[in-house]
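Feature list (source: TrEMBL):
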TRANSMEM  21-37  transmembrane segment
DOMAIN    145-380  domain 'Sulfotransferase'
BINDING   LYS154, GLY155, GLY156, THR157, ARG158, ARG235, SER243, LYS360, GLY361, ARG362, THR363, HIS364  3'-phosphoadenylyl sulfate binding site
ACT_SITE  LYS154  active site, for sulfotransferase activity
DISULFID  CYS343-CYS355  disulfide bond
Amino acid sequence: MEYSLFCHHFYALSVSSVKKKLGLLFIMLLLWVYMLYSCVGYCASMPPSLVVDNNNNRAKETDFLGKYAEAESGRPDLMMSKLLSRPQSSWTDVESDYDEPTVRRAPRDFSKDEVDLDRDEEWDDGRRVYPLSSFSNGSGSKKLPQAIIIGVKKGGTRALLEFLRVHPDIRAVGAEPHFFDRNYDNGLDWYRDLMPKTLEGQITMEKTPSYFVTREAPARIYAMSRNTKLIVVVRDPVTRAISDYTQTLSKKPDIPTFESLTFKNRTTGLIDTSWSAIQIGIYAKHLDNWLQFFPMSQILFVSGERLISDPAGELGRVQDFLGLKRIITDKHFYFNQTKGFPCLKKAEGSSKPHCLGKTKGRTHPNIDPQVVQRLRDFYRPFNMKFYQMTGHNFGWD
């Protein structure tokens, strides 16, 4: 009897131990299936370019986005807003001393001595630039620009645009649309489709420096929206003209000398104002055309010189003009002694700062000082009128 009772208890304990082990195994199996299901679901929801990429930088971005998505699960609107507002980075030049990439090739105003290249921009370290504005799978909508950088060529428009793209509330198209001077017949829907998607509160921008010297541009922009804010980057017209010529010379080494293009008659000293490099610098003449449609309060003039010497100061003025919080400050810049220009400090996850491209910072040709002085004398009355019209003295001799 005692033996039988002992066997019964031993059997009961054995069965209980087996049940516990089976129960633990079953729970572990359920956890494993749940983790596998979660992983498959998450991976399927990620963009392919982020999930499968052998590039180390892409892998880091995938890891960042994965952790971010896990932390913000249940708040997709917040997640998308922060992703869309990540700083855009494709800055290449302070003086914009090159032909800008455009939507399509077409003749340009005052362009008889210009070369118009239709190419991608490049990083200083050789990487191709694909602006963040190409991100099109997120929320938001495409809007017509509320602000446009309308000029001037060789003033520093590219630098200004790329500095501004650091701001999370600014979204800008990288290439120059040339809508109001070359592509106007394509219609506003075509123009809007070029713009990046924006969220509520973000500003859509574009820049095309040739607008400032295009007679039809003011009326056309006014017809789109009379509230459009306009930004003009101006630079000493003499150094601007020399920079303009230097760019053309780098593409066409056989063009006439700067001196021969400057004068109609060297003996009399008569300046040839039909040459585009000279014509663009008569800022007061072009501004007259814009003031027929827009009040001065809607036009901001940025100094190309101060954009080099004090980029944060000029960017502060621009942010105020656009009604934005001053987010872009001194902490975003450093001065590159070798190139002689300010550069954007490297962004998180980037190995290099955003600075001038390898072809930028061309050496200007030697020009007769007497020719330079004659040009300064020619521009002086126009500069004085421009100072009076704008209320600013930009310090040009």
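Backbone N, Cα and C atoms are what each Cβ position is placed from, and that goes for glycine too.
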CYS343 (disulfide bond): tally of other CB atoms within 10 A of its CB: 21
Count of other CB atoms lying within 10 Å of the CB belonging to GLY156 (3'-phosphoadenylyl sulfate binding site): 30
Cα distance (Å, whole number) from GLY156 (3'-phosphoadenylyl sulfate binding site) to CYS343 (disulfide bond): 13
Neighbour count (Cβ, 10 Å) for ARG158 (3'-phosphoadenylyl sulfate binding site): 29
Cβ atoms near LYS154 (3'-phosphoadenylyl sulfate binding site) (within 10 Å, other residues, all chains): 28
Count of other CB atoms lying within 10 Å of the CB belonging to SER243 (3'-phosphoadenylyl sulfate binding site): 21
